Every structure is written in structure tokens, then in C-alpha cells.
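Copied over from TrEMBL, here are the features:
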- 41, 42, 95, 96, 97, 98, 99, 100, 101, 102, 103: 5-phospho-alpha-D-ribose 1-diphosphate binding site (BINDING)
- 96: Mg(2+) binding site (BINDING)
- 99, 142: xanthine binding site (BINDING)
- 99, 142: guanine binding site (BINDING)
- 99, 100, 101, 102, 103, 141, 142: GMP binding site (BINDING)
- 12-151: domain 'Phosphoribosyltransferase' (DOMAIN)
Ligand SMILES: O=P(O)(O)OC[C@H]1O[C@H](OP(=O)(O)OP(=O)(O)O)[C@H](O)[C@@H]1O
Ligand SMILES: Nc1nc2[nH]cnc2c(=O)[nH]1
Ligand SMILES: [Mg+2]
């Protein structure tokens, strides 16, 4: 594997807001939705933006603990009980991204009738999501604005002369 096989993609608040609003626009008309299920934690901010755009007030979170990065074989775990819906009918399930698809594959068993949408998608997870806004290569790591901090960077030319 070469040095450039692993890339990074830094998402600003403005870009996240723009992409999420675009995803919201594609969920119109809003009347078809009974509510939103935000996949906590990454889906919380996108879900808030979409709830605002579609004027949806029923927002529940699905708190998923994923072990994908430590133990490949372990199943994700749902830390709370979902009370808003039995099968997800009329609900949007919203996450920030789909990568391997493990999180959404797990949630689809509980919410087979929901529509699953994410702001970003990597190829392996695409079959698990009904709609997404941005496409990112499998080997690219996405950095979301809530995980970052603005900081000083040295000029390319170095010291003043
Ligand atoms: O498609 P997958 O391979 O399952 O990966 C995608 C999931 O991974 C991240 O969540 P994470 O489990 O890191 O937890 P967090 O949202 O609480 O940060 C992201 O927010 C998605 O939910
Ligand atoms: N922040 C972040 N979390 C992830 N979880 C799985 N893939 C990713 C990614 O690319 N970025
Ligand atoms: Mg998550």
C-alpha cells in the first residue's frame, strides 16, 4: 500500500450545513415523514439540520455502540430502546456517514420500513443507504467539524526575509 492510499477529507461547518440542507431538500414533501431517528452520535447534528428544514419535531436518537474498529467480529449494540416506532415506517434514519455499512445493516433489522440517509457515503456502505449527498473513497478518512479546531499553519515559504 502506497503513502497516498489513505487520504483525509476535512469537512467545515459551512460545507456540512450546505450538504445536509441539500440532502433535506431531497426529502420533500415533508408531510410524508412522521419523524426522524438520529444515529447518535454522528447523526445528531445532521438530524437537527434536517429536522429544522423539514419542520419535523419528533426526533428520537438511536444510540449505537459500534465495535467495528476494535473487534471486527462483534455486532453493534443499541444502548436505548426506540419508542417512537415499531418498524420505522414513515421515519427518516439519519447518520453522518456510512463506511462499512455495519451500523446501518444493524439498524435496518430493527427499522426495516424506515428510509436511511447519510450526508457522506463510502462505496462499501452505499448498498445500505437509500440516499446520500457526498461520495468519498473507501480509503479516505472523513473529519467532521465537531472533531476539529482551527489552528495556525506556517507559510509554505518559511521565515520572512
Ligand atoms: O458504516 P460503519 O462502518 O458502521 O461506520 C459508520 C459509523 O461510524 C461512525 O460512528 P461511530 O461508531 O464512530 O460512533 P459515533 O457516531 O458515536 O462517533 C459514524 O458516525 C457512523 O455511525
Ligand atoms: N469521523 C469518521 N468516523 C468514521 N467512522 C467510520 N468511518 C469514519 C470516517 O471516515 N470518519
Ligand atoms: Mg456514528
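Placed from the backbone N, Cα and C atoms, the Cβ positions cover glycine too.
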### Query
Distance between residue 102 (GMP binding site) and residue 95 (5-phospho-alpha-D-ribose 1-diphosphate binding site) at the Cα atoms, whole Å?
12
### residue 99 (5-phospho-alpha-D-ribose 1-diphosphate binding site) CB neighbourhood, other CB atoms within 10 A
24
### Message
If the criterion is a C-beta within less than 6 angstroms of any ligand 1 atom, which of the binding-site residues 103, 141, 142 pass it? List them in sequence order.
### Response
103
#### Entry: binding-site residues: 95, 96 - member with fewest neighbouring CB atoms within 10 Å
96
### Task
Between the Cα atoms of residue 97 (5-phospho-alpha-D-ribose 1-diphosphate binding site) and residue 141 (GMP binding site), find the distance and write it as a whole number of Å.
11
### Message
I'd like to know which of the binding-site residues 97, 142 has the most other Cβ atoms within 10 Å of its Cβ.
### Response
97
### Message
Just to be sure I understand the contacts, which binding-site residues have a Cβ under 6 angstroms from any atom of ligand 2? Candidates are 41, 99, 103, 141, 142.
### Response
99, 141, 142
### Summary
99, 100, 101, 102, 103, 141, 142 bind GMP per the record; greatest CA separation between any two, in Å, is 17
#### Entry: residue 96 (Mg(2+) binding site) versus residue 103 (5-phospho-alpha-D-ribose 1-diphosphate binding site) - Cα distance in angstrom
11
### Message
Quick check for the class: what is the C-alpha distance, in angstrom and rounded, between residue 141 (GMP binding site) and residue 99 (5-phospho-alpha-D-ribose 1-diphosphate binding site)?
### Response
9
### Task
Between the Cα atoms of residue 99 (5-phospho-alpha-D-ribose 1-diphosphate binding site) and residue 142 (xanthine binding site), find the distance and write it as a whole number of Å.
10
